[in-house]
């Protein structure tokens, strides 16, 4: 890092002199829209750190920090948000835009004075967001430390006094005693003037970010006049990283990541270049070849685990929280491929979506379909299943069918692929960019290819009501309702016809491949534990959907792993709830291009499979591996408690999620008062018997001797996607978004047992 001699200037971001950046730094007035009656002018501008937006109230003339650029999920031009559609008129469409945040923070709805100005705001914000995302890890660290330095510089004189240095160390999560702080200060205060400036701050930074473990590793292989030659790097890649690398690969890494031009000319890698490589995809714990689509996508659709959401419309709890089209956008952007729509009769002949018989708010069905169309294929091109929980009258069912047809157009699948009755599901590849409707159907699918059957009342309840009928018989009698189906809606159900589950044998004997059942978690868990092999065989040629118990009114989740172990494809979770189960779900669908489709192992796609995750008899699934794992160190862990005196007491847990025989967890001791660069060098060993179903979760916590430990960050990765050797583990926050600069440094070795 380089700070000019006389100032704490922002490290280079590659946008110096950019007109869009200058526009944001100058700022301007925008109308903030909260309701039809609350629309107030605010002056917004980007701070000099190029990371923080501030606003000034016209009433108080005070600047307030509004948000960080890194907290923005998306900027959407026009009246796309519910708030803007509801609280503004169509003629101002071009002047409106919304800032969508990560996590649960509400959208910021804004209106510019002209369409040109609105476009400029959207373009400029998107550019700086893209620039921040593309910063390498070293640049992110520099930006983060720079911000902490600015905050510590209380009198803004571009110098650090001893007290300011102590404050800075607190901000970056290091607790040091006064004696050590003074020693560090005196070592850097070469001018002996009582403060640090210019080169002295640079020297302080280099002392602070020095990593002894990298010194040791680099020193062992830097055998060419103190540097790594391409041959030295190749030796490291083969011996430590266990890669099938060539000399050309070593040259490529030097050309790509070496920062020193003179070293690059000589095809040498400096320690800075080596550290850069370790933070890049080639050096991370996740195999970079697994980030893109790398699995066969031409198998029948039911041969994949499918990322799925329950009650997708809810932003919070199941009883009184808000429903929102934004919840669909967020789930789809996270790679979800099966969304749920609870449909009820609304006023003015327009069906609505909400959690029936509760105080959750209502959204229009047509607005939901528009939002789904808008965001369905932004993250993944592969098919989206619309799981309809239909409570509507026949009249409003026809309206639903009309909306889906007019809004989704040819992307909506309304007939089987091919010109004859299929015997199996089409593949995700064949269904790219398509929408499939899951729901009740009046006729067999065969009716599409022969004489039309008489359409009538199938006498059924909605699917989740049907599955719950034993427990809720009294409520059903009270409601006394039978669902009548509109032919127009029924005919849109092709490959996902909802039927009641009457046992595995009945399904095998009487159901078509396209007829699928939904299971409440308790029933599914019992089947997965007591009849796992039967469940696996059932899921070889059928689809199964699992959903959370109705008692989870707080939108909590269940563990999806036992259901995946039983071959269940559509294991639906409450995406709006941050928890361990959602972390594991995100890890399951982390690879294969984040398509939301993960190919099941071969032994879960075989009708004659003998695999049982509970008993684990001998078979091709048994591939006993030993995982040797060293937790070496962590870097730049964020503060959990933002109180000034609070410093993280960091510990690391490693969890294995998979079949029962593989499930395990171990943890390091905690390192007191150091969240900046704690070091453990702690060794763990795990036995993994069914690696294709295993996931490894790294969790960092803040130790607390009195209450439960606080969550700091985590990363979950499929066992088969681990890279061996010295690897950096990026960390995600509780919402599943990256923690800039934070990470673990580990060593991984996987051996045949």
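Using the three backbone atoms N, Cα and C, a Cβ is placed for every residue, glycine included.
Straight from TrEMBL, the features:
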type	residues	note
BINDING	311, 340, 342, 389	Ca(2+) 3 binding site
COMPBIAS	454-474	compositional bias 'Acidic residues'
DOMAIN	489-605	domain 'PI-PLC Y-box'
DOMAIN	608-733	domain 'C2'
CARBOHYD	191	O-linked glycosylation site
REGION	450-482	region 'Disordered'
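If you measure from the Cα atom of residue 389 (Ca(2+) 3 binding site) to that of residue 191 (O-linked glycosylation site), you get 73 Å. The DSSP breakdown of the domain 'PI-PLC Y-box' (489-605), given as helix, strand and coil counts, is 49 helix, 23 strand, 45 coil. Confidence for the domain 'C2' (608-733), expressed as mean pLDDT, is 94. Of the listed recorded positions, namely 191, 311, the sparsest Cβ surroundings within 10 Å are found at 191. Applying an 8 A CB threshold to same-chain residues 6+ apart, the list for residue 342 (Ca(2+) 3 binding site) reads 311, 313, 353, 354, 355, 356, 389, 391. Straight-line distance linking the Cα atoms of residue 340 (Ca(2+) 3 binding site) and the residue listed as 'O-linked glycosylation site', rounded to a whole number, equals 66 Å. Neighbours of residue 340 (Ca(2+) 3 binding site), defined as other CB atoms within 10 A of its CB across all chains, total 24. Within 10 Å of the Cβ of residue 389 (Ca(2+) 3 binding site) there are 22 other Cβ atoms, across all protein chains. DSSP labels the residues of the domain 'C2' (608-733) in these numbers: 6 helix, 61 strand, 59 coil.
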